[in-house]
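K.L.:
What TrEMBL records for this protein is below:
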- 1-44: region 'Disordered' (REGION)
- 123-269: domain 'Alpha/beta hydrolase fold-3' (DOMAIN)
- S201: active site (ACT_SITE)
- 314-388: domain 'Alpha/beta hydrolase fold-3' (DOMAIN)
- D355: active site (ACT_SITE)
- H385: active site (ACT_SITE)
Amino acid sequence: MRRRIHQERGCPGNPPALQLSRLLSNGSTGDPPGSPAGRGDGRRVNQPAKLRLVLAVLLGTAALGRILEKTGLCSQITFGRYVRQGRKLRVDPKLFIQDLQFNKVPVRVYQPKAASDGQRRGIIFFHGGGWMFGSLDTYEKVCRYISRESESVVVSVQYRLAPEHKYPAAYEDCLNATLHFMNNIEHYGVDPANVVVCGDSAGGNLAAAVCQTLAGRSDLPKLRAQILIYPGLQALDFNLPSYHQNRGVPLLFRERAAFFALQYLNGHALHMQEVLEGSHIPPDMRLKYRKWVSPDNIPEKFKVRGVKPLTPTDFVAEVYETVKRFCEPNLCPLLAEDAIVHQLPESFILTCEYDVLRDDGLLYKKRLEDNGVPVTWYHLEDGFHGIISLYDYCGFSFPSGKRGLDSVVNFLKSL
């Protein structure tokens, strides 16, 4: 039976700058003053101040990184990774935690200590960070929480990062780690019929790609489910409604989304402006994929605020030659053929209203449903990109991020 949608209350309807201003000023998501959400229901306590602080840290880190790079002390990327690096945590009394290597890929395995009546669920987790940032330590609290609360074995994968390691390095690491786990699953007390791939942001992209690759494999048990948390799933169109509505909303700006995709693909961000304008895709190919990547496939209620008609740009063949692998499903899973999509397992997709990647998730949800795949959709009306990665992170945790994380745990428990 197909699962039902959970969409949190909200009323989008203002230009991006005003939406962000209201989110910063009173924690509202566009609800009129005096409405239940506008008054606050206990879930947005301290959200405005925290979001201001997050934005200040984000901008300050970028500025300091540029200064350090100009002085030759370290690269901006190295500094960014250092700032995002999580600190070592104390021993968790409820979990066995060990660092291992799966097919030469570093992983961290979380296993509940409590006795189990039978085999446990296995979750393979791919972290976010634009394929350039993130680590096992960065997502330590998130993985511990998922493992404890869902009573599952969690394998967190440290794939190689761009720009040092270009596509398909991250995808290959995630696939190889997953294959190793599935082929040696008896060592971890996991039910081979209950393995789930999960990831957020770039990790959601990798989870979707791995899931598609394994969909047709007859030599392995089928994956039980995929969990995609505000995933980035295509690089053909950076002008979908959510890209314009949320172009200046942290933690992921529109330009940065294109920057990360280019760094992952090529190891540099040349031609970023052409990619943002859409001149990197041939007209015939754009027409071919329009059935899957189009504002027409996005519900009208998501087009209310900040959407403007676009002036077509001229195709630039030289740019296409440098980015044509954007059309590969292992890089952009939204472009997979129906023959693959209809084989995919039950899926959970989390989207955030204030996120440039919102529409990627909505478009993939439609593709899955059109191919008969059961989908649970959880939409955070007051959520922004990266909100779950901030769970219990240096005081930056947001109530809506905790609700999103709990929705993941509840989905896992329902399997």
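Going from the start of the chain as shown, residues are counted 1 onward.
Cβ atoms are placed via backbone N, Cα and C, with glycine included.
Describe the structural context of each listed feature in the structure shown, including burial, neighbouring residues and relevant distances.
P.N.:
The Cβ of S201 (active site) has 30 other Cβ atoms within 10 Å, all protein chains considered.
Other Cβ atoms within 10 Å of the Cβ of D355 (active site), summed over all protein chains shown, number 28.
There are 27 other Cβ atoms within 10 Å of the Cβ belonging to H385 (active site).
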K.L.:
Whole-number answer please: how many Å between the C-alpha atoms of S201 (active site) and H385 (active site)?
P.N.:
8
K.L.:
What are the helix, strand and coil residue counts for the domain 'Alpha/beta hydrolase fold-3' (123-269) according to DSSP?
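P.N.:
The composition, in the requested order, is 62 helix, 25 strand, 60 coil.
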